[in-house]
Structures are given as C-alpha cells and as structure tokens.
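Taken straight from Swiss-Prot:
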type	residues	note
BINDING	Cys13, Cys16, Cys42, Cys45	Zn(2+) 1 binding site
BINDING	Cys31, Cys34, Cys54, Cys57	Zn(2+) 2 binding site
Amino acid sequence: MFAVEMKFEVPVCTSCGKEITPREHATHFVCPNCGEAIIWRCESCRVLSVPYKCPKCGWEGP
C-alpha cells in the first residue's frame, strides 16, 4: 500500500489574520482594484465590516 501525503494551505483572513476553518461562513474574492490578489474574509470580520487591505496593491475596502 502507498502512503499519500497531501499538503494544502489554510486560508487566512486578510483583515484579522485568523485561520479560516472549513465550517466557517467565510468568503473570498479577487481584489476589485488590481484583480491579482485573493482576499479572504472570516465570518466575524464580514459581520463587523472590519476593513481589509489588498496585499498586492494596497487598496482598502470596507
């Protein structure tokens, strides 16, 4: 039998830096300004409208 090793990157909220769990009602989208970076938002930051900043272009959103 073969052992299979799977590696994946856990998404992190762009606003607070918290790891996003699979059961959380989070969202992700492409930066509306540059279209290059993926912005992740955890449920808490979405509900509280915590600002976020694009890691590529620095654009800030609500």
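Here the Cβ of each residue, glycine as well, is placed from N, Cα and C on the backbone.
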Cβ-Cβ neighbours of Cys13 (Zn(2+) 1 binding site) (radius 10 Å): 22
Cα-Cα distance linking Cys54 (Zn(2+) 2 binding site) and Cys45 (Zn(2+) 1 binding site), given in Å to the nearest integer: 15
Remaining residues near the recorded Zn(2+) 1 site, that is with C-beta within 8 Å of the centroid of the site residues Cys13, Cys16, Cys42, Cys45: Thr14, Ser15, Gly17, Lys18, Ile20, Ala26, Trp40, Arg41, Glu43, Ser44, Arg46, Val50
Nearest of the binding-site residues (Cys13, Cys16, Cys42) to Cys34 (Zn(2+) 2 binding site), judged by Cα-Cα distance: Cys13
Per-residue Cβ crowding (10 Å cut-off), top of binding-site residues Cys31, Cys34, Cys42, Cys54, Cys57: Cys42
Cα proximity to Cys13 (Zn(2+) 1 binding site), best match among binding-site residues Cys31, Cys54, Cys57: Cys54
Between Cys31 (Zn(2+) 2 binding site) and Cys42 (Zn(2+) 1 binding site): CA-CA distance (Å): 16
